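Undergrad: TrEMBL feature annotations, pasted as is:
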TRANSMEM  12-30  transmembrane segment
TRANSMEM  57-79  transmembrane segment
TRANSMEM  85-104  transmembrane segment
TRANSMEM  111-130  transmembrane segment
TRANSMEM  150-171  transmembrane segment
TRANSMEM  178-203  transmembrane segment
TRANSMEM  215-235  transmembrane segment
TRANSMEM  247-267  transmembrane segment
TRANSMEM  279-299  transmembrane segment
Amino acid sequence: MSQTRGKYDFCIGLVLAMSSSIFIGGSFILKKKGLLRLARKGSMRAGQGGHAYLKEWLWWAGLLSMGAGEVANFAAYAFAPATLVTPLGALSVLVSAILSSFFLNEKLNLHGKIGCLLSILGSTVMVIHAPQEEEVETLDEMSHKLGDPGFVVFATLVVIVSLILICVVGPRHGQTNILVYITICSVIGALSVSCVKGLGIAIKELFAGKAVLKHPLSWILLLSLTVCVSTQINYLNRALDIFNTSIVTPIYYVIFTTSVLTCSAILFKEWQHMAADDIIGTLSGFLTIIVGIFLLHAFKDVNFTLANLPLSLRKDDRAANGTLLNAYDSFNDDEESSACLGEMQSTESLSARRNGSLSAF
């Protein structure tokens, strides 16, 4: 009976996690559209500390979409372990990339498409080999987990690093370094997931008729979640306003997933009883995702498609003649003729990203 119940919960958590990724991926597009409209109107940019986006309905539509995604994500954590739910966030990268190409004119090159595919494959491998977390059924058990010295040290480090990034590094380098604001969102997100997991347990106990509202941990978790999510929204908006959506989304996913998996491993001791093949599979899946994210980020300004491949690699040309010299000469001529255009596009891309335009991709 318990095994059947476990499979049922697994399926519910899987569906909710996938729905969450779709809503969250779409929310990036809606928010970016709203921020671009504000930029055209001359309003103070979110990246400069402005809050004019609060008057833009498209931004609110994106926020509601993200809210729906987070609710689905919240419910998914209540039914399934974090190591299943979090890796599926890679689907939001794919959704965001596809929608960006349609609505924001952000064109993914061949490297970007391969990167998206690798992110999905890596997530699939991680789900297959995901570790099982220790069962926590009550708030008292959750309170004991949160008081563990290992987690206390981890949470303290997260708070200290976040404050340094917010107060010291952000004002100096936040406008030029994409990692600053995204790192703030990601490391705080690890604490958000812990709060969500605890509140999910509280809600289950509430439906079971227990006096959850009188337990102080419920209110502490709720307050902590509110602070964490508010901070995440603020700095994620800044990152989206300054940098390209198809770059922000995957980098945010990698750092956020790393933070959550680390936090979950410390809090729920998920890795203690894993077999060697599951450990290797989980790490391999995550490294595959990182390679995919690298392809998305490192070659974002390279205008590379299948048409740029050497003619000698094309099946019809290999069948027509066996000589490679003419093929490579033709490819080199095309490469030289596009060099100047590539420089112009690179310059325009940098300028466009700084001005909030996404058409440079």
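Going from the start of the chain as shown, residues are counted 1 onward.
Glycine is no exception: its Cβ is also placed from the backbone N, Cα and C atoms.
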Undergrad: Report yes or no: does the transmembrane segment (12-30) come within contact of the transmembrane segment (85-104), defined as 3 or more CB pairs under 8 Å with a sequence separation of 6 or more?
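TA: Contact criterion met.
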Undergrad: Does the transmembrane segment (150-171) reach the transmembrane segment (85-104), going by 3 or more CB pairs under 8 Å (6 or more apart in sequence)?
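TA: As far as Cβ distances go (cut-off 8 Å, pairs 6 or more apart), the transmembrane segment (150-171) and the transmembrane segment (85-104) do not touch.
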